[in-house]
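Undergrad: Have a look at this one.
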Number of protein chains: 4
Amino acid sequence: MSSSPKLRVGLLGATGTVGQRFILLLSGHPNFEISVLGASSSSAGKAYKDAVAGRWKQVKEIPREVKDVVVGDCSVDRFKQCDVVFSGLDSGPAAEYEHVFRAAELRVFSNAKNYRQDPLCPLIVPLVNPSHLEMVRTQQASLGLQKGFIVTNANCSTTGLVIPLAALEQKFGPLELVIASTMQAISGAGYPGVSAFDVHDNVVPFISGEEEKMEQEAAKILGHVQGGRFVNAGIKMSAHCNRVPVIDGHTETVSVRFLNRPPPDAEQVKEALRQYTTEAQQLKCHSAPERAIIVHEEPDRPQPRLDRDAQNGAGVNVGRIRQCPVFDIKFVVLSNNVMIGAATSSVINAEIALAKGYLS
Amino acid sequence: MSSSPKLRVGLLGATGTVGQRFILLLSGHPNFEISVLGASSSSAGKAYKDAVAGRWKQVKEIPREVKDVVVGDCSVDRFKQCDVVFSGLDSGPAAEYEHVFRAAELRVFSNAKNYRQDPLCPLIVPLVNPSHLEMVRTQQASLGLQKGFIVTNANCSTTGLVIPLAALEQKFGPLELVIASTMQAISGAGYPGVSAFDVHDNVVPFISGEEEKMEQEAAKILGHVQGGRFVNAGIKMSAHCNRVPVIDGHTETVSVRFLNRPPPDAEQVKEALRQYTTEAQQLKCHSAPERAIIVHEEPDRPQPRLDRDAQNGAGVNVGRIRQCPVFDIKFVVLSNNVMIGAATSSVINAEIALAKGYLS
Amino acid sequence: MSSSPKLRVGLLGATGTVGQRFILLLSGHPNFEISVLGASSSSAGKAYKDAVAGRWKQVKEIPREVKDVVVGDCSVDRFKQCDVVFSGLDSGPAAEYEHVFRAAELRVFSNAKNYRQDPLCPLIVPLVNPSHLEMVRTQQASLGLQKGFIVTNANCSTTGLVIPLAALEQKFGPLELVIASTMQAISGAGYPGVSAFDVHDNVVPFISGEEEKMEQEAAKILGHVQGGRFVNAGIKMSAHCNRVPVIDGHTETVSVRFLNRPPPDAEQVKEALRQYTTEAQQLKCHSAPERAIIVHEEPDRPQPRLDRDAQNGAGVNVGRIRQCPVFDIKFVVLSNNVMIGAATSSVINAEIALAKGYLS
Amino acid sequence: MSSSPKLRVGLLGATGTVGQRFILLLSGHPNFEISVLGASSSSAGKAYKDAVAGRWKQVKEIPREVKDVVVGDCSVDRFKQCDVVFSGLDSGPAAEYEHVFRAAELRVFSNAKNYRQDPLCPLIVPLVNPSHLEMVRTQQASLGLQKGFIVTNANCSTTGLVIPLAALEQKFGPLELVIASTMQAISGAGYPGVSAFDVHDNVVPFISGEEEKMEQEAAKILGHVQGGRFVNAGIKMSAHCNRVPVIDGHTETVSVRFLNRPPPDAEQVKEALRQYTTEAQQLKCHSAPERAIIVHEEPDRPQPRLDRDAQNGAGVNVGRIRQCPVFDIKFVVLSNNVMIGAATSSVINAEIALAKGYLS
């Protein structure tokens, strides 16, 4: 694939936290080439490096080829020539722009929450349900479009959780009940995001709207498409969401009950998670991790500081797989909220769409 | 009660983290007076202030009346005149000394884990099951003792949890299922305890033996005494234990299912927790909190940094009481692990024992 | 003094971080009584507890007597009956309101930076230069006022530093050179203040305007009043200001060179700091610390977490007093930036003013 | 050079914190090949991956080629065939083994403090004084050795500081006075090292022996070799050392006074630091950074979290270069204490020694 000419990429919300991650992921990408950068009017007209001056909060430097690209506003005319548009917009501007881009026949891969529960828009975790991409055709037919569509990816805390859940369902059949408690990183709230005064030496046991997102998104992602409609999975989930003083990496403790009896034991679960591979790997997508799930045997892993950067944050880490005295199995999952939990998901989704012919 | 002569108190493990808390709690106490201090042989012979030099890690200064008390070893002869002995020993030395003290007719209130599951020793959370003190008489009869006994208090993560559970059971009948996930403070591991390299910017999703303690201790504490035996509660519990970078205060997310149907709703639960009062309050124990449970209505409380010191850490804080999509009710509980979770429990237990005549 | 009727206090900026500290300090104060609360128009008309809902970030609860006081705006008419007005305003609104209040014959004790370098306004650290209060008379005469004046207190990082410097100058004569490097707490930036993303697992070696404030304020505070004018001290100071992940308490490393030769040795310095007492203590001001400076002999103290709350944060802590290979003496000073570094200074300044007759 | 056969490397203290860094740096190295691993007797006989089980605290995984290498003790016989020996030993075992290795004609590059002030052993910061390697010949002659020697590298807090100081001296002549205040990372203390209870939400303004090391080591490193002897630089330095809650990266604030008058201004200093190149770069040493010093123009950089991993931690970062009101110039330097501050220095020292013929 890398011998084809690269697709021209537009980026909405290029200067924000998620936008900066898109910039790093797309730099040197074999299939995509950053072509147009859009941001708020305060950045318009500035070179990218000036637009993010004092706000570039990445450990890596701004890629050379992007530094002097002039940022513009998000008017659709500027993006007309783009083959793909990634949106790192917050939900406010996303509501304003994304549907306009789609109406202008642009393909939008969005990290915003706005269209996640839309009956026409796929909500795709690339290591779980890329098959939902087929709804793109229904979406286009319904709206009378040839090329334009919106594909969304999930909330960061949902993403980390549904990957092992999908692996379990693939091997052992439907899950009936899930109770999950999260310990979410500071970076999940963007920048400036969480006040240090609130989270330093502290736990904040509340993230507005987060528990509802997890409970609702999981049902759609783990569901299926039938007759041009999304059919939710029957799984019942309860989420407890907490913010903890960790810079990157969402840790979640999970107890699950399977529908089929008898349920698998811990060793069978470990084996199933280890063996789980997905279309993203089979299609050899550039940004996909080698292993969807790294299973840890050490008693005290995964840990965010030590494991969040494995595979450049594109897979998830699962450990402490053991019997649950109340349900069947319990475990810990760690995912990199700014990578597979955000920009990396959008990019792999686009890579899969490219491989499966949705971008031609 | 405060007009009676004070009881003479011996303190085992006086220089350690828990011992330092005992020192602060007993300073100026109306019923108790520190009389003999025991520690390891390396401290023996030193004035208390010298024995803890470089290791006194409390925000408050060493109480004046204790500074120059000479610390000795833990040989039982030194404690013969004590009316009460508090033990802040680790389980190793606790195994060596506590039974010797009991055999010498001393009353031992222990924070160590050794005798918590002993069929003769009460495991008492003072805001939950002080009625179990009656087993002291069975213990004495079984061992042929007149005065000596061992009473234990619970592990810090258990203590915070069982207080609201007991309040719910008192009002709504037995709980059937509980899934809890903890975010435990650094101080729970003593000193030097957790390496900063392990917990800084990190979550460690494992604390050795902790989940088992929670699951087993809760059953005994919430159970009852019948015919001179402990009868465990039928509650099934699953605990996920995590260490987070917070200095003091264990936060726990909890989902519960009641045995009786229909279960109470969130408002009824709030009301029940608010109204919960215990024998410790009724007996006007000096160290008991005014309110066993502070119920928070703000969406993002309790938080360890802001709420751990309410009522000098002697009560617990509960918030985010809401319906659970999987069980009946979910909530967050915060307890001060070094206060009600450790030394404060021992001291209130002794205060109750005094009020009920077990110390005469 | 406490038998006199209490003075009526107005509070500007009552809902902000500094305002909340004023509320706590003035609750139960023997001389002052909170009478009028002013805040921005968004808070006007609300009961105090509602105006700070979700923003009350203190470990202590809102004092009972203030909870239901209705907050108003900062229009001067509301404050006409006040004997004293404390201002916790940020510099923007301070510029708008403080001079109006003074013109209306109100006595304003301000924590804002606006008038610190004003040639008529005293800049007073209560444990250093309360004698500068005499400039209040010059200020009134110049402006044709009978009662109104503005007295300011210093920036938090300046306050902690000048207290030991003043003690040294009092005993050993003028200081010639000072190089100080600060490690300043998160709370120094107010709320929401510092983003957790910026300061977590990090040091930010820059606080806008802070180094200049320290260098300039110290010269005025350590100077004297002569002929109705402020005469700066001849001290030359260089400050390095850093933000570190600590919630409260500014730690500063300091090297000093005395003008007089030979300089004192470390033991003489310790003795001088220990013996330092100030007018605030002599006047028995309610909020003044018993000891202006606590001198630590332990090799690793003071530390912010352990020492910031000594004496309710009203004094400073100095330790590691030793010879400096480049200058004469070096040491570490720790001060509680939200107490003596902010509201406590204003309140003690007013207590001194009261005792010396400036409020009648 | 990389076409020559690789030199066989022995590693002392292979399982410790510094040893783990050596492992990572030497994996895939073009000149060196790990051949023999030595550790304490408790590790002897185990495969490396088992010897470090539960103690491998690196973000990167154990290199494949090392996982199954059997670790032995530190007896010199096991290392006889090594061309180079790196020592990551603590000072206790270093005192026992390093001189024995040298006597057995082994070349030892040590990170331990033991021989840093030895009149025959070079103390080399590779980006400062590799010319001191010539003393190896004197050392060998004095001790009657053909090949064996000990070369040391500096303490982590010294290393970060002397690199910009050397750049300044090279361009502007000798420095007369330096006052530096450090904010040092947790990892500087090894593992388990600092208790979380000590450093969480805290600053510890004391690191045993650290200030003396900085003051003494800088004089030797910035000095020169004359007539087979080390001649210390005339620089006078005062160091204030502090531990802060940062995982990696030592930040230091520095004020300097030049001997020559008039001194350079801030712009000249920036230019000199930017242009500073060293023998390590000229010899194209594999582990040397492209730029010895990265100069930051942003007002709030360098910061440890954002800048410590630039150039894999092999260079230093300097920012906030400005006039000092007391001395001439002040600035902030950040260095990665576990990389250039420890193992990376040893490795570059060996690379330079190889290039200059000291290893043949």
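Each Cβ is built from the backbone N, Cα and C atoms, and glycine gets one as well.
Relevant sequence annotations retrieved from TrEMBL are reproduced here:
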| type | residues | note |
| --- | --- | --- |
| ACT_SITE | B:Cys156 | active site, acyl-thioester intermediate |
| ACT_SITE | B:His250 | active site, proton acceptor |
| DOMAIN | B:8-136 | domain 'Semialdehyde dehydrogenase NAD-binding' |
Undergrad: At the level of the C-alpha atoms, what whole-angstrom distance separates B:Cys156 (active site, acyl-thioester intermediate) and B:His250 (active site, proton acceptor)?
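TA: A Cα-Cα distance of 8 Å.
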Undergrad: Go through B:Cys156, B:His250, our active-site residues, and report the one whose Cβ sees the most other Cβ atoms within 10 Å.
TA: B:His250
Undergrad: Sort the residue listed as 'active site, acyl-thioester intermediate' into helix, strand or coil using the DSSP assignment.
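TA: The residue in question, the residue listed as 'active site, acyl-thioester intermediate', is helix (DSSP, three-state).
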Undergrad: Going by DSSP, how much of the domain 'Semialdehyde dehydrogenase NAD-binding' (B:8-136) is helix, how much is strand and how much is coil, in residues?
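TA: Helix (H, G, I), strand (E, B), coil: 42 helix, 24 strand, 63 coil.
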Undergrad: Give me the mean pLDDT over the domain 'Semialdehyde dehydrogenase NAD-binding' (B:8-136), rounded to a whole number.
TA: 96
Undergrad: What three-state secondary structure does DSSP assign to B:His250 (active site, proton acceptor)?
TA: strand
